[in-house]
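Going by TrEMBL, these are the annotated features:
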TRANSMEM  B:42-60  transmembrane segment
TRANSMEM  B:67-91  transmembrane segment
TRANSMEM  B:97-115  transmembrane segment
TRANSMEM  B:122-142  transmembrane segment
TRANSMEM  B:148-168  transmembrane segment
TRANSMEM  B:195-218  transmembrane segment
TRANSMEM  B:247-267  transmembrane segment
TRANSMEM  B:279-297  transmembrane segment
TRANSMEM  B:303-323  transmembrane segment
TRANSMEM  B:330-348  transmembrane segment
Amino acid sequence: MEPILKGRGLVKRYGRVTALDHCDFELMPGEILAVIGDNGAGKSTLIKALSGAVIPDEGTVELDGKPINFHSPIDAREAGIETVYQTLAMSPALSIADNMFMGRELRKPGWRGQVLRQLDRARMETMAREKLNDLGLMTIQNINQAVETLSGGQRQGVAVARAAAFGSKVIILDEPTAALGVKESRRVLELIQDVKSRGIPIILISHNMPHVFEVADRIHVHRLGKRLCVIDPKQHEMSDAVAYMTGAKEPEQEMSVA
Amino acid sequence: MSTPQSYEAAVTGSPDQVAEFDQGHQSFIQRLQHALHVTPSLVPLIVLILSIVTFGALLGSKFFSPFALTLILQQVAIVGIVASAQSLVILTAGIDLSVGAIMVLSSVVMGQFTFRYGLPPALGVACGLMCGAACGFVNGWLVARMKLPPFIVTLGMWQIVLAGNFLYSANETIRSQEISAEAPFLQFFGEKFKIGGAVFTYGVLFMVLLVLILAYVLRHTAWGRHVYAVGDDKEAAELSGVNTDKVLISVYMLSGLICAFAGWALIGRIGSVSPTSGQLANIESITAVVIGGISLFGGRGSVLGTFFGALIVGVFTLGLRLLGADAQWTYLLIGVLIIAAVAVDQWIRKVSV
């Protein structure tokens, strides 16, 4: 089977700091791939290189076997790659509905949409509400409230709901459960399974080992700017994964090739 | 031992309707603060109404006549138009110090193209409008693509455009009589029409229409939402799929174009084309924007507020003049208003923290 998203020899340097050091990456169709690694291992840079937010200095990225050259996150979104960033990327003063549809607003049908370019607020609000309900974010009272009035967890929920609603090829989730409560985390994990059952592969970056081992099909262990190994969560313990990513233990030779 | 995830089983019984809370009794101040937070242009509107009522009470029918009230509109028309342009730029967390210079250069281009090169006045006006948009494009390109701070870019452009204006016009004024004899179209925005005792110019009409159109565009189109998003958090807007460079360039270009319209209205207002006119437009437009409650940090406020802000300045100027006060009192009170407006803005913000 050919990988849907493939990175080869990715390099990114920030001045004298090397964030990615000839890193390889593969995402298979329909799988959930977890990316784990210590702080500063270069996970976020890897994800940004795949989602267009960072342009790698060297190396190639292929989507569906075709080489791609993203110059901005907009390019990646148009190609069907949707990302939830750790910073969440939301405009605090704008409403939840405005944020969810930022950059792909719905216009009213007929002349009001085409000539006056008027936004269809009612439809956007209904859709936003549905997506939030799917995620179980019942504590959000008003879909028109500004994002700055939400708690951190609620904001994260909105960001995840946005990605899940619009991702068509690949969804990238950077620490999606970090700020969420028990119930909301569970819903996010269910949502991840749900998205997977729709056939859309997911890249999940997380420090939460129980969550990673619960949902991931494969685990990409990132260390010192490159892929150390890929492990199968069914055949490894959480302690193995932690040992590999912190450098306490070296993976066996055949695993680093896998 | 139970499974590691069993604690989550307790979630199943949780209710799944949207949360609602009894707000309890809210004090008048709390409700006012909330209303102001939701509708930022309410503050300048209240100040405007209060100042009209106060001057009306002090001056009686001398101030409260349709003639005097529409005179205010005529006096603020130019500042109102320029301040609308300024509002767009400030909403993106920028500032445009070159608005006054672009306005004057555009009016000079309109006049000189018509008189020096003998173009039909309509074509001369079109060239002036293009000149304004082009200056705005340079501002926008430098801010968006070269990532230079808007303050620096427009400070430089202010000097460049103003110097270009003097060099090109050779400091030469085109007199009012010549314009009304040969190219009255240049004075179009100065033409008056009466409804009862009220006197309007087309410039006033243009300002009101412009404010309404901008208010609609900012509130009800995707582009308008993007302007707010860019001013609020540019990086977030970019990551969530807004082409921020395009938004910034279009905002500065539109600002330049609107300033060129202000230049056209300026010819109508003073009658002549003078390269030395309109020197205060910069500071007056920023004043109107600030009194109108738009945050200088971007992303908050509305163009209606700016309109009210410009009117407040107009009401104070005319009211104090009719009262026979020294003109310095006007500046003093406007200074107080600026500081008060920002203080109120900070207070309103508290609900959002």
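From the backbone N, Cα and C atoms, a Cβ is placed for every residue, glycine too.
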Most Cβ pairs under 8 Å to the transmembrane segment (B:195-218), of B:67-91, B:97-115, B:148-168, B:247-267, B:330-348, goes to B:67-91
Cβ-based contact of the transmembrane segment (B:330-348) with the transmembrane segment (B:42-60), 3 or more pairs under 8 Å:
yes
With the transmembrane segment (B:42-60) as the reference, find which of B:67-91, B:97-115, B:247-267, B:303-323 contributes the most Cβ pairs under 8 Å.
B:303-323
Which sequence-distant residues neighbour the transmembrane segment (B:303-323)? Criterion: at least 6 residues beyond either end, Cβ under 8 Å.
40-41, 43-45, 47-48, 51-52, 54-55, 58-59, 62-63, 68, 71-73, 75-76, 79-80, 83-84, 86-88, 207, 211, 214-215, 218, 284, 287-294, 329-330, 333-334, 337, 341
